[in-house]
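The domain 'DUS-like FMN-binding' annotation in TrEMBL covers 5-234. Look at TrEMBL and you will find 65, 134, 163, 219, 220 tagged as FMN binding site. According to TrEMBL, the active site, proton donor annotation covers 95.
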Ligand SMILES: Cc1cc2nc3c(=O)[nH]c(=O)nc-3n(C[C@H](O)[C@H](O)[C@H](O)COP(=O)(O)O)c2cc1C
């Protein structure tokens, strides 16, 4: 089974990947949060380059993800990535953000299946490395997926990662696993599942319902429970000491990288990590108002010394 870490803008960048792998063991694969491809002829911007710089991803199996509807820029980016040693590039067809969708990118690209098929045909032909896709089912209704899946099945994709919600759902409601099952039945290429796998039980239920499953991508579940992948593989839950060590290394990496803004980056992480404690609301209250490093360190010391640890952390929306 391939277990991968979901691309999550602001959360699962290269610092998170490295610290998580060091503390809990590497996952089989990591996807970068979406990157804008550079203009043809130029290089990735400074921030984006850090995500893909081989120096920042040593020993990790990383697939860069692009957010674009411009085929020339996609192919150019794929060439740059190939030169850096990458063997696969992923296209984001899932981002539900209003501004992204309005520009016809992310899940907004699903509105134009004809244009999307021409784009994918073109980039699959011209990209020097394998092209995979992370998709939603459509924008408004699940039935849009019939036409979208038909077009994917005509293409030489390396893999299709299915997050079976529509754009309108954002991250609410229950993922429609049947659409993933239908993809498994029909697709002539590898298929992966993503969405609401927050516990070992949910992982086992997915694999029982769809025994051909070969790749599960973990997102919020792993942020709330950093030992989730290890537990899926039969290992132990995280101890309080492990979580503290993970936190300290992550905060220190962000501090080195961005100074005081590390506090805001960590607060995003706490939105998920609070579920590692028996009273997530108390943890939320302790960290929500902090603004500077001193306040942050004080609040977090209080959480680790005063809050009981959940026996098994589970993310709940
Ligand atoms: C804050 C946040 C940022 C995200 N950023 C990305 C992204 O950059 N690229 C992408 O394909 N999906 C992104 N996603 C979607 C996740 O990769 C994933 O599909 C989603 O969280 C559902 O999986 P989960 O239920 O396991 O969390 C993001 C989700 C969240 C909540």
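Going from the start of the chain as shown, residues are counted 1 onward.
Backbone N, Cα and C atoms are what each Cβ position is placed from, and that goes for glycine too.
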Average pLDDT across the domain 'DUS-like FMN-binding' (5-234), rounded to a whole number: 98
DSSP-derived structure type at residue 220 (FMN binding site), helix or strand or else coil: helix
Spatial separation of residue 95 (active site, proton donor) from residue 219 (FMN binding site) - C-alpha basis, Å: 14
Cβ-Cβ neighbours of residue 163 (FMN binding site) (radius 10 Å): 26
Euclidean distance between Cα atoms of residue 95 (active site, proton donor) and residue 163 (FMN binding site), Å: 11
Residue 95 (active site, proton donor) to residue 134 (FMN binding site) - Cα separation in whole Å: 9
Spatial neighbours, same chain, of residue 134 (FMN binding site) - Cβ under 8 Å, 6+ residues apart: 7, 31, 65, 90, 91, 92, 93, 94, 161, 163, 194
Other CB atoms, at most 10 A from the CB of residue 220 (FMN binding site): 22
Number of Cβ atoms other than its own within 10 Å, given for the residue listed as 'active site, proton donor': 21
